[in-house]
Structures are given as C-alpha cells and as structure tokens.
Amino acid sequence: MASSSRCMFHLSILVLLALANVATSSSLSPHYYDEVCPEALPTIKRVVKAAVARERRMGASILRLHFHDCFVNGCDASILLDSTPTIDSEKNSRANANSARGFEVIDQIKSEVDRICGRPVVSCADILAVAARDSVVLLGGPTWEVHLGRRDSTTASRTTADADIPSPFMDLPAQIESFQRKGLDERDLVALSGGHTLGFAQCRVFRNRVHSENNIDPEFASKLRQTCPVSGSDSNLSPLSPKPASFDVDYFKDLMERKGLLHSDQALFNGGSTDGLVRTYSSNPRAFWADFARSMVKMGNITPLTGNEGQIRLDCKRVN
C-alpha cells in the first residue's frame, strides 16, 4: 500500500507539472500584438530581411541565438544580457563565447520596433522568436505561427548555459537526455538539429571528428583537414551542410553518407534510434518542414515568463 501511495503521489506531481506547462504555453498567443502594436511583426521582418540581404549567414546566427536562449531557463532573452557585477553573461559560456553573433541585429530590431510602437511593448524574447522564424523563411524554409507574449528575464546564467546548451561533442543518448530535460522528444531533437542545414561551425568543434573518428567519409575528412589542422586555426569555418544559406534536406543526406560535420550531427545517424527519422527527412522535405515548424513552436514555449513576471527591457543588452 505504501508503495502504491508513493506511485500515486509521483503520478500526481507529473500531472500537475504537465498542466503547469500547458497553462504557461497557453498564455502565449500568435495575436498578442495585434491590438497593442500591429506593426511590430512587419517591422521585425523588415529589419531581418535587410540583415540577411547584407549577409545570408546572419539568418543562421539569429536562429542559433533563439535556440541557445530557450535552452537556458526558457525563452527569456537572457542570452542578450551583457555582464554586470551581478550578471555572469551567457555570451561568455562555452557554446557562445567568440561564436554567438547577430546581437547587433536584435538591438536594431528593438530600436525600430519601439519607435514604430511608440513605446517599449515588445519583449526582446519575442523579438528573438519572431526573428528566428523570419530568418528561416527568408532562407527558403517553412513558416509557423510564433506564440507571443513572452517577457524578458532580469538575470542570466553562464553556469546554466554551460550545463544546458547541447554540446557538439555529445553522443546520441546525451542529446536525447538534454532535449528531454526541456520537454522535447527524439523527433524534436532530429528536426531541430536539421537547423544545421544553415550556417557554419568553427574548426575547434569539429577538429577531433575529422582527425580521429572512424564513422566519417574519408574524402570529406581529408578535405576538412585542410581547413582544420591538428593544431591552430581554431576559428576557421566550415559549412554545416553543402548549401549553408539554403534551408533544405542536404544536411540529412550528408548524415547518411557519413558527412556530418559535428560529432553530435553524425550521432543522429549511426545505428541508433534516430536513424529512421534521418532517412525520412532526407527523402521527404515536407515531413521535415512540418516537424521543424512544430518543434520550433514547442521549443519556443519552454518556460516563458508571462504576465507580471520579468520585464519588457528598454535595451536588450541590460536590465531596466
């Protein structure tokens, strides 16, 4: 009886947590700014479009900012805060230092949106979420309704960023666990990893793969060693997929040919439980598009601040 009671207690806790997550997510709405500032989303799109036109790589950088923001205490724009005596900036974490970029575009969007709206009513967290969607669309990917109404955090955590942002060195079980901690499943893992159809990675994060791993196409590895020698050249870039400014399924085709750039990429197709999804996406762009859009909405709903929580920052780099 005692064991049964404990089981019922744990089940009740899980149900309450699930209900709390649903309640939090349902407090966001695609129409949040329709009356408050109907020009907010068109303004975000206009600035993102100009930034991507100047440098197509910027689309991938903005998408990555949103991802790295959501994995650290939820989608609250904590990644945008600079260091202060009381804030240890997430910009200095292992995943972001000398790597995360696009902050100036977000600052420009914030300035333009506040000017158009006549006051600061749009959160930096919502700007990140919308700008990520617009970036994907501009680079040929799917669209989705972004749920809005997030508020901005008043703190950040480099320690949490180091612990929670998935590492490019992770094997499949570690990636699955990392995503599960955020309420995301294996389908979300593979679909969101497909964001690596865009952008570049630095030599320091793929050096060991191209010099030491066996599950890699020999010619692919040989070519990459020219960009990324055994030592030095840490910041040299290589594309994560053949067309790094085009949202397509080549990333998944590459995995099937053992041409994943990162260890964590190739781990998705290496005899494990996600092989089937990689195969599906590689030959079915519609399935990938649909799942990517669904998973982006799901990721964007990770523990947002709403209502009277947090604040609407006047400047995305600092707390009011």
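Even glycines carry a Cβ here, placed using N, Cα and C.
A quick note: this is a predicted structure, and the numbers were derived from the prediction, not measured.
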- Item | Disulphide pairing with Cys117 per TrEMBL - partner from Cys37, Cys70, Cys203 | Cys37
- Task: For the disulfide involving Cys316, grab the partner from Cys124, Cys203, Cys228 as TrEMBL records it.
- Result: Cys124
- Pick out which of Cys75, Cys203 TrEMBL lists as the disulfide partner of Cys228. Cys203
- Note on the structure: Comparing the Cα of Gly74 (Ca(2+) 1 binding site) with the Cα atoms of the recorded positions His68, Pro166, His196, Thr197, Asp248, the shortest distance belongs to His68
- Determine, using Cα-Cα distances only, which of these recorded positions is closest to Thr197 (Ca(2+) 2 binding site): His68, Asp69, Val72, Ser78, Glu90. His68
